[in-house]
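**Student:** Among the features that TrEMBL reports, disulfide bond is placed at CYS25-CYS105. According to TrEMBL, the feature signal peptide maps to 1-19.
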Amino acid sequence: MVQATPFLLVLFLALGAHSLPAKKCSLTGRWINDLGSNMTISPVNANGDFAGSYHTAVSATSNEIKLSPLKGSMQKSPNQKGQPTFGFTVNWSFSDSITVFTGQCFVDDDGNEVLKTMWLLRSRVENIKNDWKATRVGINVFTRL
Ligand code: BTN
């Protein structure tokens with residue numbers, strides 16, 4: 001019985017841990033990505049809409065980088081289980097381009113929130129013949145600042 005006690009204690013704690021509510025991932029706040037770009041997301045409203053600002057560390061242009069507005073939408077379905085999918089658009093204030101991001105807000109194994117995203121950057125081109133080279137695609141990973 002004495003030997004069984006520590007085993008039962010560990011079993012109890014292991015089973016009990018499963019009944020604890022899992023940490024949820026929230027979009028609101030300040031984030032930095034793998035390129036060093038920063039963004040701030042304001043509180044998400046009841047419809048899942050949100051706004052914010054984006055300071056990119058890099059640009060496809062030679063223009064001076066400026067803070068740019070973003071608008072987005074987060075999925076509110078009950079199936080999201082605290083790790084919601086979302087999308088947002090950055091309307092660059094210093095170039096003719098637009099970027100759309102889509103992603104999911106995760107809580108990783110260490111309990112840290114992380115935004116895994118993919119993006120499409122649409123640049124303006126002078127004519128339809130150049131359309132083929134107007135869109136870049138990539139991945140960004142954001143962590144909380
Ligand atoms: C432009 O170059 O016309 C605007 C800036 C684009 C910055 C891109 S958007 C995708 C990628 N992720 C970033 O944080 N910055 C670049």
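The backbone N, Cα and C atoms fix where each Cβ goes, glycine too.
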**Student:** Restricting to the chain of CYS25 (disulfide bond) and a gap of 6 or more, list residues whose Cβ falls under 8 Å of its Cβ, or answer none.
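**Tutor:** Residues satisfying the criterion: GLY82, GLN83, PRO84, CYS105, PHE106, VAL107, GLU113, VAL114.
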**Student:** Let me know how many other Cβ atoms fall within 10 Å of the Cβ of CYS105 (disulfide bond).
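**Tutor:** Result for CYS105 (disulfide bond): 22 other Cβ atoms within 10 Å.
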**Student:** Sort CYS105 (disulfide bond) into helix, strand or coil using the DSSP assignment.
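**Tutor:** In three-state terms, CYS105 (disulfide bond) counts as strand.
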